[in-house]
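Record features, source TrEMBL:
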{"type": "TRANSMEM", "residues": "15-35", "note": "transmembrane segment"}
{"type": "TRANSMEM", "residues": "56-74", "note": "transmembrane segment"}
{"type": "DOMAIN", "residues": "135-158", "note": "domain 'Glucose-methanol-choline oxidoreductase N-terminal'"}
{"type": "BINDING", "residues": "V137, V274", "note": "FAD binding site"}
{"type": "DOMAIN", "residues": "311-325", "note": "domain 'Glucose-methanol-choline oxidoreductase N-terminal'"}
Amino acid sequence: MVVETLFISTALKTIGIVGSTLWIIPLIFAGISYYHYDKLDPESPIINRRTLYKEYDFVVVGGGSAGAVVASRLSEIPSWNVLLLEAGPDENEISDVPSLAAYLQLSKLDWTYKTEPTGRACLGMNNGRCNWPRGKVLGGSSVLNYMLYVRGNRHDYDQWEAMGNHGWNYENVLHYFKKSEDNRNPYLARTKYHNQGGLLTVQESPWRTPLVLAFVQAGTELGYPNRDINGAEQAGFMVAQGTIRRGSRCSTAKAFLRPIRLRKNIHIALNSHVTRVLINPSTMRAFGVEFVRNGHKQIVLARKEVIMSAGAINTPQILMLSGIGPQPQLSKFGIPVLRDLPVGENLQDHVGMGGFTFLVDKPVSIVQDRFQAFPMTMQYVMNAKGPMTTLGGVEGLAFVNTKYGNRSWPDVQFHMAPASINSDAGVRVRKVLGLTDHLYNTVYRPIANKDVFTLMPLLLRPKSRGWIRLQSKNPFVPPVINANYFDDPIDIKVLVEGAKMAIKIGEAQAFKQFGARVHRIKFPNCRDFEFGSDEYLECHIRTISMTIYHPVGTCKMGPSWDKEAVVDPRLKVYGVEGLRVIDASIMPTIPSGNTNAPAIMVGEKGADLVKEDWLQR
Ligand SMILES: Cc1cc2nc3c(=O)[nH]c(=O)nc-3n(C[C@H](O)[C@H](O)[C@H](O)COP(=O)(O)OP(=O)(O)OC[C@H]3O[C@@H](n4cnc5c(N)ncnc54)[C@H](O)[C@@H]3O)c2cc1C
């Protein structure tokens, strides 16, 4: 994403800096341990339990955006024992730095998935496959993400309810969005759509370029107000808010697990890869899970429930490995079918137009070479300010409607970043995107390190549906991911309209002060089309088809008559006792906006459903 561009620049510098000041770190740590600060500080790292009980009331699989919330909330009941099993390790100092977000991709904290080639999208990526990063770390994808705090449109949730999911309408879910939130921008915190005092800190980055103000101004030129896109109405332009706290990333691990790490009734086991849910075939009841930790296979039992929070790719994979899934898929691998359900189907993601670059004549963007690493790092470490606090590089957000959408339910979102694929001279962003050398060298190398900004239009409600399927019976082999972008032809049409709007924004009066103009070197595979024509824009979109990393929907929530449903509106897996899914995979349709806040909301509401079901017995 355009975004990565930004941090990339800051990142490279930063790493140099961190290196040269490493001597200070042991001193700080020595001081902290001397005062046993960890016992008092609610932000001290969690305790990684080596020895586990044989049985817990609840076993939560995956400590990501939703799973961390679920485990934290369930452990509020003192008489319940909760085990959280997470495949990855804990967060680290690098993952705390907002501007370094893209540096985590392709690292040990990333599951490093890739989509299948389809010939319709990701054409500019190596082998026609898009990278699909996912967090393999406590906090999950909330540790890899760009921290943008967006809830989606009220109609999304009213639609969930209308599909037969009682209790999931906007008013219901707003309660849970607010429950988590500690909004530290007073102009928003005071409104009825926000909250102060929740566990999850939300605020604007303390640093920004003048380009984002021009972006918001350009929106008003196009007839869109500057408004809280998480408030009463969504259509409008805004300086982005993010899940950061005092300039650093506020993952769900930091927000929901660290403050409760001393509770006696929650155990967290890191580096514990769950391979299977144990289900009794005669009672059809889930009674535990099998997992591998440090090379040893282990089993842990669940008295009340197993809760799957492994995310939209791994939750369906684990369910299928456990005998819950489409019969033909399971039989293909000789897995006994316990329950034939459409697990892994209904995959939806937000795809956008990546690398749409505007050149500017003033030194206002993020260019790697311009940042002085030492002062920048000091600004971050001492004051929690400066370029290192940028939300993965994204500064502005907007929701607009094309001719195919409407004002109350926009169909296109813009991410505005003051950098692009050229901003780190090809060192990192192109790698994270997996761009071919030919594409990079032709289009972006000629403007390496030049001042630019990017506008990324993305499709909010795709009609195309993809799927997750097993590639092997081996739980350590990644599943097959077919994002199936642009399978439905309307999807590309909407995005082409979004691209045309991006050109209008970039050419607005507000950007003229910077001499903004579209970067016009044609993509090599699109040369036959006139630059800026619908055909050209379509070709660009199919070439750099940018995932915004929002896969959802693969264990669809729906009423009993919904043939596509895997879980009921209380998130219980159909036909299996003691098994729930609480993560982004339950979303029946993708919300119109970034999916981290919605996944956290699902965690909050899911935990309440569990409490209701067990405490009212
Ligand atoms: C690079 C990137 C950028 C993003 N940017 C944004 C953004 O700016 N704003 C936004 O709103 N959203 C963003 N998102 C999306 C958002 O972060 C996700 O939608 C959200 O985190 C999904 O939450 P989840 O709980 O469903 O899954 P996850 O957070 O992915 O959690 C799943 C957890 O389960 C663990 N797990 C998986 N398999 C196993 C297993 N077998 N055993 C044990 N544990 C397992 C994983 O390691 C992980 O910790 C981004 C995502 C990525 C990857």
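Cβ from N, Cα, C; glycine included.
According to its DSSP assignment, V274 (FAD binding site) is in a strand. In the three-state DSSP scheme, V137 (FAD binding site) falls into the coil class. If you take every residue in the domain 'Glucose-methanol-choline oxidoreductase N-terminal' (311-325) and average the pLDDT, you get 98.
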